[in-house]
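Heads up: the structure comes next, in structure tokens.
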Amino acid sequence: MSSESMKSEKRTVATSTTVPVHPHTDHHHPDLSELRHADDELLAHLGYKSEFRREFSLIETIAFAFSIMGVIASVSSTFSFPLESGGHVGMVFGWLIPSIFVMTVALSMAELASSMPTSAGLYYFSAKLAPPRYSALASWITGWANITGQVTLVCSIDFTCAQMITSALAVGSDGAIVLGAGPTYGILLAILFVHAMVCSAATNVLARLNLFYVIYEAVGTSVAAIVALLVCSGDSKVSTKDAFTKFENNTGWANSGWAFLLAFTAPMWTLTGYDSAAHIAEETAGAARAAPIAILVGVGATASLGWILFIAASFATTSVSDLLSTTLPLPMAQLFLNVLGKHGMLAIWSFIIVVQFVTGAAQGVDASRVVFAFARDNALPGSRWWKKMNGYTQTPVNAVWLVMVLAGICGLLGFSETALSSLAGASVIGLYTSYVTPIFLRITSGRNRLVPGPFTLGKWYLPVGTIACAWVAFIIVLLLFPPESNPTADTMNYAVIIIMAVFIFASVSWIVSARKWFTGPVSTVESATSTYDEKQQ
């Protein structure tokens, strides 16, 4: 036997339990039908039958993960956090530091997604990596945490989109139209309704939409915003020293170090949703390779572009206090108005609104897939409704509408002064709890259970996973704190209410009922035994 044949045989054996590799898939132009067949075989091996059309290519999967993070719109939405918590230092280093640590979470998640490419995603990972005795409980915790984060993220994205629209109306009317909390909530409901329609569409429509969005809107608008802030601010830019080192504490906390940490809310909220690449794995061709690439490229590109954008904003910000005292809902709108004037601001702001709108739609798709997957395993009240697939579009339409209704209820927080910090905190805590649970299990009970996929961290999984777990534990505690030391009912952080409400409901449900019948991921393929189940036997 030739050395080349031995290498080929070795490769086939090594990946036979993870990604069935057909010879054509090694070429630059693999046969798509064979690739999809291999994906379906792997999915069946994991315990699920294929129910989606695999319409997402590698580039479209990357576009989907990137679109959920929507860098220019996310930065515009969360600009108030670094302004209050450090000023220029908060903008530059309040973004950079968390981005570095988030990459450890992304690396660990990419390894898991490559090994187990299924829409069940995180809670499937937890179930397979936990000790058999605690498999169902690990899955239950991860699933509920993820759904909490997914729904509140949909709400927070669409809520800031509504704020962007009200900001545009205020600027366009020269202050004649100033909409309060009630009309803003009405706009939020309208956006959620449109997103429900969009997210119910066929998968191929969603894939093309996100590809167009990334190329023409997200990247183009982000670059245009960076250039506009740097060029149009002219000689009024602050010095390089001030842009990188000037610190201002505009929070209600006396300790400046603690105040600076609160700036981390902006990048942590922005760098969420990249698990979407795992959740659409059943709609992706070559998912075991595409999903990890999409996670890493999406996080890396968003973190890099966001940092450059914040640096540009830091140079263009001549007075932090003036931006914080604006009557517009979002301080970034005021910055663009100061630098570009009314017409210039409205021009670029209209593109940012489109970016945020599509970001919300992408997140709605992601959230609905999580609800569908959890319901498929009978873990939600009314699961038989939420796991139904529409016969025409082959999408979980019922799950889509459930997500939008729940997001609309969460939107009632818009009547609070701390609406964004509460929604952002709840989404980050929920999502990152679900992110870190399987990672923690990977570095503890699951050390010898993971069947490596095409992307693996090798021996580095342990230090990378340990850093990721420590970082998330720190962030969860941080984001439960209010924006000031003596909060009132209007200024408290309601994230703790949302998180505790779900925690109590999920805990009581588990103790009273679910522990008796919930077994974790339910196979939809007859006589399916995954490699993970074999390892536990």
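Positions of Cβ are set from backbone N, Cα and C atoms, glycine also.
Heads up, TrEMBL stuff is auto-annotated, nobody curated it.
From the options 122-141, 162-181, 422-441, the stretch TrEMBL describes as transmembrane segment is 422-441. Here the transmembrane segment (422-441) has long-range neighbours at 78, 105, 108-109, 112, 122-123, 125-126, 129-130, 138, 141-143, 145-150, 152-153, 155-156, 159, 265, 268-269, 272-273, 275, 410, 413, 416, 465, 468-469, 472-473, 475-476, 479-480, 493-495, 497-499, 502, meaning same-chain residues at least 6 beyond its ends whose C-beta is under 8 angstroms from one of its own. Within the same chain, the transmembrane segment (291-316) stays apart from the transmembrane segment (493-512): fewer than three Cβ pairs sit under 8 Å, each pair at least 6 residues apart. In this chain, the transmembrane segment (461-481) lies close to the transmembrane segment (87-107): three or more C-beta pairs between them fall below 8 angstroms, excluding pairs fewer than 6 positions apart.
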